[in-house]
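Enquirer: Mind having a look at this structure? Questions to follow.
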Amino acid sequence: MWMLAVALLHSISHGILTENFLSHHAFPSLLLSLHFSHPSVFSEDLHASLYFVNASLQEVVFASTTGTLVPCPAAGIPPVTLRWYLATGEEIYDVPGIRHVHPNGTLQIFPFPPSSFNNLIHDNTYYCTAENPSGKIRSQDVHIKAVLREPYTVRVEDQKAMRGNVAVFKCIIPSSVEAYITVVSWEKDTVSLVSGPRFLITSTGALYILDVQNEDGLYNYRCITRHRYTGETRQSNSARLFVSDPANSAPSILDGFDHRKAMAGQRVELPCKASGHPTPKYRWLKDNIPWEPDSRFRQTVTGLLIENTRPSDSGNYVCEVWNNYGTAEMIGRLYVKQPLKATISPRKVKSSVGSQVSLSCSVTGTEDQELSWYRNGEIINPGNNVRITGINRENLIMDGMAKSDGGAYQCFVRKDKMSAQDYVQVILEDGTPKIISAFSEKVVSPGEPVSLMCNVKGTPLPTITWTLDEDPIVKDGSHRISQIITSEGNVVSYLNISNTQVRDGGVYRCTANNSAGVVLYQARINVRGPASIRPMKNITAIAGRDTYIHCRVIGYPYYSIKWYKNSNLLPFNHRQVAFENNGTLKLSDVQKEVDEGEYTCNVLVQPQLSTSQSVHVTVKVPPFIQPFEFPRFSIGQRVFIPCVVVSGDLPITITWQKDGRPIPASLGVTIDNIDFTSSLRISNLSLMHNGNYTCIARNDAAAVEHQSQLIVRVPPRFVVQPSDQDGIYGKAVILNCSAEGYPVPTIVWKYSKGAGVPQFQPIALNGRIQLLTNGSLLIKHVLEEDSGYYLCKVSNDVGADVSKSMYLTVKIPAMITSYPNTTLATQGQKKEMSCTAHGEKPIIVRWEKEDRIINPEMSRYLVSTKEVGDEVISTLQILPTVREDSGFFSCHAINSYGEDRGIIQLTVQEPPDPPEIEIREVRARSIALRWTMGFDGNSPITGYDIECKNKSDSWDSVQRTKDVSPQLNQATIIDLHPSSTYNIRMYAKNRIGKSEASNELTITTDEAAPDGPPQDVQLEPISSQSIRVTWKAPKKHLQNGIIRGYQIGYREYSAGGNFQFNIISIDTTGDSEVYTLNNLKKFTQYGMVVQACNRAGIGPSSQEIITTTLEDVPSCPPGNVQATATSPETISISWSTLAKETLNGILQGFRVIYWANLLDGELGEIRNVTTTQPSLELDGLEKYTNYSIQVLAFTRAGDGVRSEQIFTRTKEDVPGPPAGVKAAASSASTVFVSWLPPLKLNGIIRKYTVFCSHPYPTVISEFEASPDSFSYRIPNLSRNRQYSVWVVAVTAAGRGNSSEIITVEPLAKAPARILTFSGTVTTPWMKDIVLPCKAVGDPAPTVKWMKDSNGTPSLVMIDGRRSIFSNGSFVIRTVKAEDSGYYSCVASNNWGSDEIILNLQVQVPPDQPRLTVSKTTSSSITLSWIPGDNGGSSIRGYILQYSEDNSEQWGSFPISPSERSYRLETLKCGTWYKFTLTAQNGVGPGRISEIIEAKTLGKEPQFSKEQELFASINTTRVRLNLIGWNDGGCPITSFTLEYRPFGTTVWTTAQRTSLSKSYILYDLQEATWYELQMRVCNSAGCAEKQAKFATLNYDGSTIPPLIKSVVQSEEGLATNEGLKMLVTISCILVGVLLLFVMLLIVRRRRREQRLKRLRDAKSLAEMLMSKNTRTSDTLNKQQQTLRMHIDIPRAQLLIEERDTMETIDDRSTVLLTDADFGETSKQKSLTVTHTVHYQSVSQATGPLVDVSDARPGTNPTTRRSAKTGPTARNRYASQWTLNRPHPTISAHTLTTDWRLPTPRPAGSVDKESDSYSVSPSQDTDRARSSMVSTESASSTYEELARAYEHAKMEEQLRHAKFTITECFISDTSSEQLTAGTNDYTDSLTSSTPSESGICRFTASPPKPQDGGRVMNMAVPKAHRPGDLVHLPPYLRMDFLLNRGAQGASRDLGLGQACLEPQKSRTLKRPTVLEPIPMEASSTREAQSWQPGAVATLPQREGAELGQAAKMSSSQESLLDSRGHLKGNNPYAKSYTLV
C-alpha cells in the first residue's frame, strides 16, 4: 500500500494527475498528504531569529591615515551569513590593500595616501545583510567617508573690554576643516584655564572673561584645538585683551548665533553676550513672544540654556539687550530635529498559508519622508496579491499568503541623510490538510447501518468529498453526507448509510483539499454477500511513470484476487507488483510497447467458482524538447532559434512566450511551426528584444517547456560630449563627459599638458581629481599646471571605442605669493614691509591695519608699488614705529578673478613693563611669590631679577636673585627666619632692556614650630591618679613665634618598651607653666615629655622624665572567695590574690568583713579580721548562724573593693537553756508549765523535754513537747505537794542545758497566773497582730488589757479593729504606727492576780533619705545621702532614679544598703540632671526623697579675647584663627560659620562638626566689606561671635572703613547739632529706663527665688510637723540667742545672731530627742528628760540651705509629703538649718514646764543623747516651722567658702558669726568616733574624719514618738569631771576646753535644775548656755525664770524678715559652754568667721 502512495505522490509532484486516475483506482486504508512544493526561505522553527546589534549606525567618518573597521550591525540565531553591498545593490568585493570584508562580516578600509582616494570606496553609501533560515534583513544605509589630512591654522584676535564688563575670545577655524575641529582648551600665558567664576569656556569653544579686571590685560590668550579624527592639535597665535575704564556706552553683541541644529532630547546652549556700560540687561523672545522661564529653559551667564529639547522648541530666537544708552539684539534660528523612528505593527505575525497579512509602519520624527517595504532584503512592489496603501505608503497588505511569503519584513524610512528602519518576522504555519481521525476497515451485514467519519485539520478550512471505488457518492434516501466545524477549527465529515446493501461494499475514500494541498484517506468496507466485480473504467497511463490498477470487488467473503494480461498471470517481470489481499496492481516505469493492453481481474468466489472483469490500459508518451541557448547578439543583427520536440505522442502543439507572457506582435518576431518543430526569427535585433524566451510543447499526456535568455549588446556612444572650458585657479571644475551602451561602457580620461600637440597620458585619480559616477571628471582645486588638453575615451567591448578631447584654460586670480608672516621692529625706528602679488592683470594692491585701510593721508605710513615681470611688488613704510603699531597688517591683491591677502604680524619691541608681583604663599622660612608679567615689550622676557631685604635694612644691602627663568611666573625665597618682616621687589628683562622696579611688598613670614624644647620640666605626683607637671617656655630665639600652648606626652614607662605617648594639649599661661594630669593609672611609673606649640606647629620634646603615681587602694576585690563551716563556731575562708595591675600599690594584707544574718532579718555586728595570707579561719562565731562574708585587699592607702557577699552557716550544736520558765497550778492535781525558746538555738529545735520531780521519794518524770509548743500540762500530781520543774531543748546535736528549776504546788484554790511572758512584739504595719495572754487558775481567771498612755495605764478600746479573744489574747487588725506602745494584760480570780507587759513595735516603710550632691565632673555626678528612719526594720537597699533635665525618661540603679554614696558615669557634659532616692526595708519601699538637681561640669564655648580672629586677609581669601575658641570643658558638637557682603541679606553657610586650628573662606569679592558670624555648640549650650572684615584691593591695598559721610550745607549744621543732642539725650533716657527695668526684673527674680525656697521649706515643715506634733503642757521659754546652722560639705556653720528677745506662748509641744529612738527594750538605765518648748512666732516660709551645688531657682531639700521618722539615730548631733520666718508680731507669753517621769537611780549614769525640740504654730492648719538637715561627702575648702558666701548674702546673716571645725586624721579617731555604736546602718553613716578637711556631723532626722512615752528621754546636763569617762572623746575634749570659762556656775545651775526632783510638774527653766567667742568669754549672765513669769521680746528695728531659732541639744549645750583653748584637741581646731 505504501508503494502505491509513493507512486501517487510521484505522479502528482510531476504535475501529471490524469482526470480518471483517482476515479479508476481504489486504495484500501491509505492516507495520502499532498503538498504543493515551493522553495522556502523561512523556517517554521520559532527559535530562529534575526536582530540588529547597532541599528543606529548610519555614518562612519575616519581619517585616511588610520583607516577604519565597520562591523555589520546585524546578527541572528542560528549564525547568519553577512554580506556588504553598495547603495546601488551591487555586492562589494575585496580590493587588495584598500578594502576587505572579513569572515565575521566586518568591513575594513585600509589607510591610504591622498592620491589613492576613490569616491566609490572612500566616500560612498553601504549596507549589509544578514541571512539565516529565519529570513534575511538589511541594515540601514551607512555612509562611510574618509577625511584627508589637510594643513590648517587657527587664530585668535585681540579684544577690547571695559573694566567690570565682559570680554569674548573666539577661536577662528578655516571653514574647510571646521566640521572636524574642536576647541579643547584655552591658555592664559602658559597656564590652562578652567571654567570658574570669572573664566568660562562655552560649548562652542568661546572664552568668556567676566568682570574684567585690569590684570586681565596683562596676559596672552591662546586656544588649543584638536582634529576629531586625526587627533592633531593646533595652537593659535597669542591675543591680548585691552582693558579700558568704564565709559557709558550702548550694548554691543559680542557672541551670538545665526542658526543652530540639535536633536530632540539634547541640551542646547544659545549664546548671547554683550558688553556695555552700565551692565546691560537681557531678554529672550521666541517667535516674537517673550520667553517665560521654566524647568527646561534657563538663562545663564552665556545665554539661554535649553534642557531636553523638543521639536516644538524650533523657531526664531531673539536676544534683546539694553541699558540706559541703547539697545541691541541678536536673532538666530534653532532647528530641533526629532530622530527618525519607524515602528511596524503588529510586532509578532504568525499566520497560515493562504491567509491575509497586514503590516503597518508608523513613522515619527518627520512629515515628508520616503518609505519603502522590503521582504527578505528585497524591495516589495505592489502587484498580484500585494497592496501598499496610505498617504506615505505605510500599510502593506498581502492576500493569499504562500509559503514563500514568510520571512523578515522591513520598513525603511529616509529623509535627507537620516534613515530608520524596523522589522518583523512573519511566520507561516503549514496549512496542508491533515487527517486527525477517520473510519477503519470493517465487515457489515446487509441492512446494517454504517457511519463513516473523517476529522480533518487545515488552513484554510479544507473541503471534504467522499467516493466509493473512485466514484462519487450519490446522495439518496440511504446515503447522507454531513459535516461540522469543531471549536478547535477542525472539519468533521460524516457519511451515513442507513440500509447497507452488498453493492455498498468497496473502498471508501474521504478527500480533503484546500489551497495548501490535498490529503485523502481510504479503507475497505466489506458487506456480506456473493462476491462480484464492479465494472472498471479504462485507464490512461503516462510513459515513464508509475500506474496503479484497482480491482473493484464487492461482496464478502472471497478467496483470492489475481491479475492476468493476455492470459498470463501477473506479475511476470520486475516492474509488475500484484497485491492479492486488496486487488491492486502496480506498473512501475510504464512502457508503451509492453504495458499497453487488456488486463483481467479474476476473483475466486468459491473453490470452483470465480468471476472476472477486464480493463484497458492506454499508454501515452509526453513531449521532450531538445535544449537550446541564444548565442551573443549585437543590436541590428538577425536571430534564428529552433525548438525541436524529439519525442512524444502526436499531435503536439508548440507555443512561445517572452518573460512569461505571449510575445507581442509589435516586437516583429516571426514564429514558424512544422510538425514537431518550431522556429523563432528576428530580422532586426533591438534592445526591446532583450528577455527570457520560453518554448512550450503540449500533447494529451503533458505540457513541457524550455527557456533561454536573449541579451542584446549595444556599442558605446556619447550622451554628453566634452567641450573646451575655463577654470579658475583654486576653484573646482567639472569636465563633462557621459556615454551609454550595453554592457555599461567604461570611461577613461587622459591628459596632455600645455597648448602644443597633444600627447595624452592617463590621469592618476586622487583626492583632488576624481571620476564621477556619470563619467565626468572633477578637479576640486584647479592648479595652474592643470591647463591643457583632456581626452574622454568610452569602450565596452562592443563595436569600436569612441573618444573626444577638450581644452582647459586656467585663469589665475590675484594671489599674494610672497610676504613676511611676522616681522620685528624697534620702537622709534623706521620699518618697511613688502608683499608680492601674482595673477591675471590688472592687479590692485592695498594695505590695511587691523581692518582699517591705510590711506595716503596717514602721515606715518607710505605705500609704493612696482611691477617686476608678471608680479606686482607693494611696499609699506612706517616712519617711525610706536607701540601702537604692533599688530596685524594685511596687503590685499585684487583682480577680475578673485582676491587674496597676506597677513603680516608686526611686533614693535621695547623694554618690558615691570611685573605685578603678589604673594602666593607665605611660610615660616620661605615666601612664595607669583607675578603677572605686564607688557613684555613685544620681546620675549629673558629673565627676572628678584630683590629681598629685611624691613629695617636699605636697598643697598639687598639680597638679589638674578636671571630667573622667563618660563616661570612664580618663585620661592628660602632660608628666611620665621616671624620676620621682609621687603621684596623685582625687575623684568628682555633683549631690549630692563624694566622699572615692580611694586614693593612688605611681608611677614609665618611662625614655625619651635626649635627648642621647654625648659626645667619637673614632675610631682600629687595623688594616685594625678601628676603635676611644671616647666618653663623654650629659649626666646628658638620659639619662632608666640608660644600658644603646650603638648604633654605621657606613657607608662617601660625600660625596653615602645609604647606610644598619649598627648594632651593645653594653652599657655606665661613663662612658667603647670598642669595636672588626671585619670592616670594608680601606682604606675610614667614617662613624660613636654613640647611647645605655636600657630605653626609643635616643637621638639623635652627629655623624658620618669615618676610614679601615688599608692591607692586596690580597685578589684579578691577573687574566688570560698567559705566552709568547719565547726559550730568556726568558718574557713580562702580566696585568690589580686593581679598586680589592680593592687594600685603594695599589698599590706587582706581584710575579711563578716556579720551574722539574724532570723528576724536584722544584721548582726559587723566585724573584720586582717591577714596577710589568702586564707583565714574565723572562730568565736555564733552557732548555726548564717554569715555574710566579704573580703578586700588593702594597701598603705587603705581598703580596696569588697568582694561579693557569700553566705555560710555554722554547724549545729546543742541549744542553750530556754530563756524563761513559768509554772502555775490550775487545779489540785494539775499544773501548767510554759517556757521561752532558748536565746541561742544553735540549730533546729527538734523537741522540748519537760522534767518534773519531787524529792520524797526522788522521782523524775520526763514529758516531750513538740518544737513549736511552748507550754505543757502535767496532770495527776499530788495535792499540796511541791514539785520541781525544768525544761530542756533538744536539737540534732543533743540535749541542751536545762532551764532554771522552779517549784510549783498543785492547789485547789489556785490563784490566777499568766503563763505568757512579758517582752517585745514586732510586726509590720497593716498586718493583724495577736498579743497572747494565757492565764490559769482555779476558778478560771478573768483577763483585761490596758495600754500605757502618758504614763497612766488605761483600758484598751474595743472596736471593729480591736478585740479580745476568749483565751485572753488581744487582737489588733491592720496594725498602724500609732498602735505601738506598752500593753498590760492583767489576769485575776478570787485567790490572786498576775500581770505581764508587752511592748508592741510596729515596723513601717523607711523614711526618705536625705540626698545631696557631693562631687561633679564633666561626665559624672557623685551623690551622697543620709538614710532616714529605717521604720523599725533594717534597710535592705536603695533605688536611685535619675533623669536628664526637661526629660520624662527616668533611669534607675539598685544600690547596696551599705553604700552611702554613688557615682553616675557617662553623663552629658554641662547638663542638668534630676535625682531621687528610695530606701527599702523588710516592710517594703519607703517614700521617695525630694528631687534634687545637679549639673555636670562644663559650660558653653567662648572665644578668647586674647586671640585674633583673622589670621590673614587678601583680595579673595580670609584665613580665620579658630584656636581662640574654648570648648568650655565640653567637646564641641557643631560649628556653623556664615558670612555675607555687607548690606546684603543672603548668608553663605559653611558648617563643620569639628573645630580645626584655622578655616579659610575662599572666592570672596575683591575690596568688599563682609559680615561674619559663628555659632559653636557643645552639650552645655551654644555661643556666637560676630565680626566684620574687608578684603583687599587687587593691588594689596586696604579699602576705606564703613563710615557713611553726609554732606551738609552751612544752614543745616545747627539743625543737625540739635538733632544729635536730642538723639543723645533720648538714648540716655532710654538706657536709664532699660537699666531700671532690668534692675526691677532682677530683683523680682531674686525675690521669686527666695519665695520659692521659703515655699519649699513651708512644705517640708508641714511634713515634719504633721509627724512630730504631740500635745503637752505649756512651758515658759526664757530669752535665747538666735542660732542658725547651715550644713556644708563636711563642715558646720553655726550662725549666731545676738540681742534678739522674744516672748512666745507655746501651747503645742513636740518632743524630739535621741533617746526617743534608742532601744526601748532595755530599761536598766533610765534617763531624765529635759524638754524645752518653743513656739514659732510666725508661719515658716522656707529653709536656709547650702545651695552651692544646686541649680539656681531650685531647692535641693524640698519635701512634698510626710513619712514616719527613724527609730534609731547616730549618737552624734545632727545640724539643723532653721527657716526664715516672717517679721515678728506682738510679744507672747512663755511658760516653762519640766517633767521628770522617773527619778534617776542613785549612782546611775545618764545615757548620752542629744535633745531637740521643734514647736509648731498654734494654728495647726497652717504650715509649721521646721528644721532641715543636709549633708555632703565633699570636704573641699572651696565648697566651704562658697557656702559661707551664700550665707553672707542673706540679709539676716550679714552680721552673724560662723564657727567651723577643721579635722585632722589620727590613728585612733575612727575607733573613738565609732565606739559604742551597735546599729549596723548607723555605724556606716558616722561622720568619722577620714582625711584632713572639715569635720562632718550629720545624722538622720528624728522619728516622731508617742507624746506619752518619756521613759527614754534625756535631759541636757552639765557633766561632772567624774562623768567624763562616759562621754565620747570629742565631748570630753570640748568639756575640758570649756572648764574655767564661766563654766562653774552655769554647769552647776544646769545640773541642779536637771536632777532635782520636784513635787510640782512646773519647774524653773535653767539658764541656757551661750557660746563663748574665741576672743573673749561671754559677759552675758543667765536670767532667772520664775513660774508664770512673762517676758516681752522687742521687735527688730526695720527688720523685713523674722528671726529663726534652733533648739540646742545636749551636745550643742556642751559645745556652747566649752572654752576655745588652743592646742588641746588632738585632731580638731575651731575658727570663727565674721
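The backbone N, Cα and C atoms fix where each Cβ goes, and this holds for glycine too.
Quantities reported herein were computed from a predicted structural model and do not represent experimental measurements.
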Enquirer: State the disulphide partner of CYS601 as given in Swiss-Prot, choosing from CYS551, CYS643.
Expert: CYS551
Enquirer: From the list CYS643, CYS792, which cysteine is recorded by Swiss-Prot as disulfide-linked to CYS695?
Expert: CYS643
Enquirer: Swiss-Prot pairs CYS171 with one of CYS72, CYS223 in a disulfide bond, so which one is it?
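Expert: Answer per the record: CYS223.
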Enquirer: In Swiss-Prot, CYS411 is listed as disulfide-bonded to which of the following: CYS319, CYS361?
Expert: CYS361
Enquirer: If you pull up Swiss-Prot, which of CYS72, CYS272 shows a disulphide to CYS128?
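Expert: It is CYS72, per the disulfide annotation in Swiss-Prot.
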Enquirer: Taking Cα atoms as reference points, which of the disulfide-bonded residues CYS72, CYS361, CYS411, CYS454, CYS695 is nearest to CYS601 (disulfide bond)?
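Expert: Checking each of CYS72, CYS361, CYS411, CYS454, CYS695 against CYS601 (disulfide bond), the shortest Cα distance is to CYS454.
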Enquirer: Inside 10 Å of the Cβ of CYS891 (disulfide bond), count up the other Cβ atoms and send me the figure.
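Expert: A 10 Å sphere around the Cβ of CYS891 (disulfide bond) contains 25 other Cβ atoms.
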Enquirer: If you count, for each of the disulfide-bonded residues CYS72, CYS454, CYS601, CYS643, CYS1385, the other Cβ atoms lying within 10 Å of its Cβ, which residue has the minimum?
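Expert: Checked CYS72, CYS454, CYS601, CYS643, CYS1385; of these disulfide-bonded residues, fewest Cβ neighbours within 10 Å: CYS601.
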Enquirer: Run through the Cβ atoms and count how many others sit within 10 Å of the one on CYS171 (disulfide bond).
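Expert: 24, counting other Cβ atoms within 10 Å of CYS171 (disulfide bond).
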Enquirer: I want to check the contact list for CYS272 (disulfide bond): same chain, sequence separation of six or more, C-beta distance under 8 angstroms. What comes out?
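Expert: CYS272 (disulfide bond) has long-range Cβ partners ILE253, ASP255, GLY256, TYR282, TRP284, THR302, GLY303, LEU304, CYS319, VAL321, MET330.
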Enquirer: For the domain 'Fibronectin type-III 3' (1117-1213), what's the model's average pLDDT?
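Expert: Over the domain 'Fibronectin type-III 3' (1117-1213), the predicted model scores a mean pLDDT of 92.
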Enquirer: CYS171 (disulfide bond): which of the disulfide-bonded residues CYS72, CYS361, CYS695, CYS737, CYS1385 is the nearest Cα neighbour?
Expert: CYS72
Enquirer: Could you state the whole-number distance in Å separating the C-alpha atoms of CYS1333 (disulfide bond) and CYS695 (disulfide bond)?
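Expert: For CYS1333 (disulfide bond) versus CYS695 (disulfide bond), the Cα atoms are 154 Å apart.
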Enquirer: Do you know offhand how many angstrom separate CYS1385 (disulfide bond) and CYS737 (disulfide bond) by C-alpha?
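Expert: So the alpha carbons of CYS1385 (disulfide bond) and CYS737 (disulfide bond) sit roughly 156 Å from each other.
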Enquirer: Just how many other Cβ atoms lie inside 10 Å of the Cβ on CYS223 (disulfide bond)?
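Expert: A 10 Å sphere around the Cβ of CYS223 (disulfide bond) contains 26 other Cβ atoms.
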Enquirer: Same chain only, sequence gap of 6 or more: which residues have a CB within under 8 Å of the CB of CYS361 (disulfide bond)?
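Expert: Listed in sequence order, they are ALA342, THR343, ILE344, LEU371, TRP373, GLU394, ASN395, LEU396, CYS411, VAL413, ASP422.
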Enquirer: How does the domain 'Ig-like C2-type 7' (622-711) divide up by DSSP, counting helix, then strand, then coil residues?
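Expert: The composition, in the requested order, is 6 helix, 49 strand, 35 coil.
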Enquirer: Can you give me the Cα-Cα distance between CYS454 (disulfide bond) and CYS551 (disulfide bond) in Å, rounded to a whole number?
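Expert: With distance taken Cα to Cα, CYS551 (disulfide bond) is 24 Å from CYS454 (disulfide bond).
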Enquirer: Quick one: Cα separation, CYS551 (disulfide bond) versus CYS510 (disulfide bond), in Å?
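Expert: One finds 19 Å between the Cα atoms of these residues.
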Enquirer: How do the residues of the domain 'Ig-like C2-type 8' (716-809) split into helix, strand and coil according to DSSP?
Expert: 3 helix, 49 strand, 42 coil
Enquirer: What is the interatomic distance between the Cα atoms of CYS835 (disulfide bond) and CYS695 (disulfide bond), given in whole Å?
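Expert: Cα-Cα, rounded: 83 Å.
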Enquirer: In Å, rounded, how far does the Cα of CYS510 (disulfide bond) sit from the Cα of CYS223 (disulfide bond)?
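Expert: CYS510 (disulfide bond) and CYS223 (disulfide bond) have their Cα atoms 90 Å apart.
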